[in-house]
């Protein structure tokens with residue numbers, strides 16, 4: 001489909017650029033009224049995943065995949081969950097391994113290509129509950145996982161109940177997105193990611209003492225961290241191979257379900273093929289929306305609780321659904 005003209009106009013006036021649009025909501029936005037019921041499921045490799053549910057005996061289910069070092073408690077997850085529960089959806093916000101307060105068992109952690117865990121979540125939701133329609137939303141890294149899952153499952157068969165997907169602020173081209181962290185002004189994001197990831201590796205080293213954490217605190221670049229830890233922990237010889245494997249871009253063209261990609265042009269973490277215009281023109285089921293404003297997982301609307309991304313996701317999913 002051609003690129004979708006966005007109805008998102010502008011954030012509050014004091015959000016003067018993409019950095020403000022990204023950072024202010026992340027630090028200040030609070031969502032009340034979302035009460036989760038936690039369920040823990042086992043994975044095929046003897047690990048576990050924590051699933052946070054909002055159940056209201058609805059026939060429609062929203063599955064939310066969070067971003068890097070996020071979890072079901074992040075504002076963009078709880079905001080989405082609140083809007084959907086108010087509109088007669090059940091919600092399942094799953095936590096990647098080691099995220100949201102509980103370290104996983106296995107040596108591996110999680111990454112952009114952990115679509116195998118999303119597959120476990122979706123299969124469990126479909127098989128254990130009588131949902132007639134299931135829709136997926138992925139934010140940032142969770143968007144990459146969602147794209148990969150949909151592209152892989154197109155080859156093997158998606159559950160019939162899975163109808164549509166939305167990905168928000170998604171690094172469609174992961175290597176290019178990683179490169180943005182070296183740009184002037186983006187150091188704040190890299191430092192924040194590194195701080196959390198270093199603590200994660202230290203905790204993992206307690207479980208697996210052969211993990212060498214000497215010099216870990218001196219690492220200042222995410223690329224260096226990925227070279228030393230992310231790649232080898234997950235079975236890759238170096239970060240280049242790790243990034244190539246985790247890149248969701250090759251999977252987009254394989255997706256058969258209706259898909260909306262919502263990426264802001266002033267997102268400080270997205271460049272180049274993170275805006276897949278050519279693919280959008282060639283795929284009838286792909287809707288690409290690239291508003292001028294929005295930042296990274298921002299999309300705030302003046303004097304409103306819910307973001308444009310949340311409202312747009314609900315609108316996209318409810319078009320054409322039958323329940």
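Going from the start of the chain as shown, residues are counted 1 onward.
Each residue, glycine too, has its Cβ placed from N, Cα and C.
Because the structure is a prediction, the values reported are computed rather than measured.
Per TrEMBL, the feature domain 'AB hydrolase-1' maps to 61-197. Taken from TrEMBL, the feature active site, charge relay system covers 140, 267, 296.
Taking the C-alpha positions, the distance from residue 296 (active site, charge relay system) to residue 267 (active site, charge relay system) comes to 5 Å. In the three-state DSSP scheme, residue 140 (active site, charge relay system) falls into the coil class. Cα of residue 267 (active site, charge relay system) to Cα of residue 140 (active site, charge relay system): a span of 11 Å. For the domain 'AB hydrolase-1' (61-197), the model's average pLDDT works out to 96. Over all protein chains present, the Cβ of residue 267 (active site, charge relay system) has 27 other Cβ atoms lying within 10 Å. According to DSSP, the domain 'AB hydrolase-1' (61-197) comprises 61 helix, 25 strand, 51 coil.
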